[in-house]
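For reference, the structure is listed below as structure tokens.
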């Protein structure tokens with residue numbers, strides 16, 4: 001299973017924010033610079049993450065973006081569920097004539113749920129805490 005770039009960069013943005021020292025704000029420009037992503041694409045991602053409560057945006061001179069809740073409360077599985085369309089196959093009879101008798105859709109749905117359940121075992125804090133190699137790569141030491 002491959003995540004969409006939207007989900008991939010959403011997770012990366014959250015990882016970056018979770019890696020920052022407590023209380024430090026960042027900007028969309030800073031995140032796009034770190035990952036080399038289009039600013040327009042990242043704006044859409046951050047807006048979606050903000051609507052979902054994962055990111056808080058503060059306007060004004062000293063504004064920026066930061067995690068909307070503690071990193072230890074943000075499960076990776078929840079983020080993927082919220083950002084990723086998880087229909088693995090297009091099972092409409094319009095596209096596939098075996099749809100009425102096919103059991104593949106159910107098997108794939110169960111596999112996707114197992115995947116998400118495993119991701120639920122990890123929070124952003126698990127991914128970033130005491131991860132010096134990550135801090136060095138993100139230049140947040």
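A Cβ is built for glycine as well, from the same backbone N, Cα and C atoms used for every other residue.
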(request) Examine the ranges 4-27, 28-51 and name the one recorded by Swiss-Prot as DNA-binding region. (result) 28-51
(message) Give me the count of other Cβ atoms within 10 A of the Cβ belonging to residue 102 ([2Fe-2S] cluster binding site).
(response) 14
(message) For a quick check of packing: other C-beta atoms within 10 Å of the C-beta of residue 96 ([2Fe-2S] cluster binding site), how many?
(response) 14
